[in-house]
Amino acid sequence: MRVVLAEDLHLLREGLVHLLRAHGFEVVAAVESGPELLAALVGERPDVAVVDVRLPPTFTDEGLQAALAARRRVPGLPVLVLSQHVEQLYARELLADGSGGVGYLLKDRVFNGEQFVDAVRRVAAGGTAMDPEVIARLLASNSRNEPLGRLTPREREVLELMAEGRSNAAIGQRLFLSDSAVGKHTANIFAKLGLAPSDDDNRRVLAVLAFLGSRPS
Amino acid sequence: MTAARRTLVALGRGAALAGLALLGLAAALVMLTAALLTFLLGLVFALPPAVRLTRAVTGLARDLSGRWSGVPVDDPYLPAPSPPVPQADGWYRDGRTLYKKPTIPAFNKRWNWMIKDPATWRDLAYLLAAPVTCGLVAAAPLLTAAYGVLRLAGGDPLGVVWILLAAGVAYWYAPWALRVHGGVAAVLLGPTEKTRLARRVSHLDAARTEVVDSQAAELRRIERDLHDGAQARLVAIGMTIGAAEQLLETDPRAARALLDKARDASAAALQDIRRLVRGIHPPVLAERGLGDAVRALALDSPLRVHVTVDVPERASAPLESAAYFAVSELLANAARHGDATEAWVDVSARGPALRVTVTDDGRGGADPGRGTGLRGIERRLGAFDGVFALSSPAGGPTTAVVELPRAFPLRVAPRSPWRMLGGVCWALWPIALFPQGLVAMVLKLAGSPVRSWFLGLYMPEPFQWPVIVGMMLLGGGLLTVALTTTARAMREKESGCG
């Protein structure tokens, strides 16, 4: 699988290249600035890109902007964005086109190589990988949301993992539940939130995220 | 208010101002007499009562300027002296003299305070100028009408023309005359550049102390947080890794468990630092500016927050930060104490100022005196001359307005042509008023054969009085124009960089 990597800190970049290579990815470009990233994304058309939000030359949200611009030119280009902090605002912007293939994780998540690589694979396959912290804040800001209050604690756990972009199988593994039990929980969640059920994992995630982010602002 | 009523009100106020000008003239004469007694005969006790009298009259004029002319005029006086403090031996020192009682040192202090304040003498100038500038100008329609009535009473039917003329122009004229009074009062009764600067210096002094104090407290808090949080965790990580290293050969499984622990601890340290950074300067603010940072706040808030942002460009980072933390605190308050469900945040530019309005539908009753949060907002804003206004009646809604002046560069207005006109008027008004008007009048009354360069005296007999009176009116008019243009220039300057 071909990967484009953008990270301005030399040590972290080398570490990521090493990690990805060790898991059988082919790193076709490892760049360190916004303009280089955009050129690499559009030129190389990788299977997935791993992008740091803050990059030279401005050290603002250069990486995010480059990723969004590339996705406008190459719709559905899978991008996993890494950052030292997560913002619902950025998550919304990434999810806005509704086409999936988006990840948004805290940089800490690379500590756990297995889970990180799993997230990269999920994004490459057109799925979603939202940081648990984004989901926690999304739920916190929805604390006065009526339908959410009707979920049982277990259903809430399932919802959190689902919103992160995990499949039924992964959720079951995490919570020590059988596939059918997870299926029952998700069906309940969808009924309580008034969402149309869907078998497609990815469409399901996007529907949940859209529900959580639907407050006007 | 109907047009007729408004005109009548304006006329009545004009008449009151004319009356006040006459009263002021009397006060000015008292003041002049007191000054002469003081400086020629040494009767120093005559001055303070006279100064108090003039201040009472000009205080009224200031008040009326704000209420009737829409030009609020600040008190220009220096702060009153503090009462004398006795020395260790119980005596009061004043210069090289010692007094047993504080009466005389206190009097001396007050006397010096009055006499050295330029505002005392500017008050006198206003009182002397007011009869010609404000009095005549404001009372002109009434005087014209009165003249007409007199003519009518004298059997001249043409008096009606004068009355009609006065009634006809009053609608436009009377409100304008009130505005003229405001301009004159602003120039002569307002604080001078010097007093303004002196006040600004003392204000900045106080603000700087606050900023330095709060900054030091902030740094201490950050130091403590780092010390107890991230720093301690890093020490623990180092120790855990060291222990794992020792176990690597003998007990690889235990070493692995220790390394897992070290990894978790490093994640926790990162979390600590992240929280700290958010409190110092939120990353989204640095990356996106105030608009998106406020939007991010709105998304994180449990309230339904509607955000509108309309600013031409990014303000400087410290200003943005002050505004951001104000919004953050206000939204948090609304969610925590106000029982609100919905809030509206508006960020907009008003000229060079940045204005942020936060409104919520909570139950109100917020008191800036009680919460430390609201005090903190005020302190942060104070460093930038920012203003924080809160309206929170019991039962809601709560509206808070934050205004930061000079957030955006000012578009410099071209130099106003009015200033030229003002200069010409300043140069010409004494010539018309004094030699051509008053001196010519005195010569005419005395029946003197001297005509010198007094235009009125060269006229044929029936035109002499009208020309002399006209010259006096012209002089008063020129002085009025000069004062009002100066007031306008002052206002422009103040809105530009004040």
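Cβ coordinates come from backbone N, Cα and C, glycine included.
The transmembrane segment annotation in TrEMBL covers B:20-47, B:124-150, B:420-443, B:463-483. Among the features that TrEMBL reports, domain 'Histidine kinase/HSP90-like ATPase' is placed at B:318-408.
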Surrounding residues of the transmembrane segment (B:20-47) on its own chain - C-beta under 8 Å, 6+ positions past either end: 53-54, 56-58, 60-61, 64, 111, 114-115, 124, 126-128, 130-131, 134-135, 138
Residue counts (helix, strand, coil, in that order) that DSSP gives for the domain 'Histidine kinase/HSP90-like ATPase' (B:318-408): 30 helix, 29 strand, 32 coil
Non-local residues, at least 6 beyond the ends, that sit with Cβ under 8 Å of the transmembrane segment (B:124-150): 11, 13-15, 17-18, 20-22, 24-25, 27-28, 31-32, 54, 57-58, 61, 159-163, 165-167, 169-170, 173-174, 177-178, 180-181, 184-185, 188-189, 433, 472-473, 475-477, 479-480, 483
Overall pLDDT of the domain 'Histidine kinase/HSP90-like ATPase' (B:318-408), taken as the mean: 88
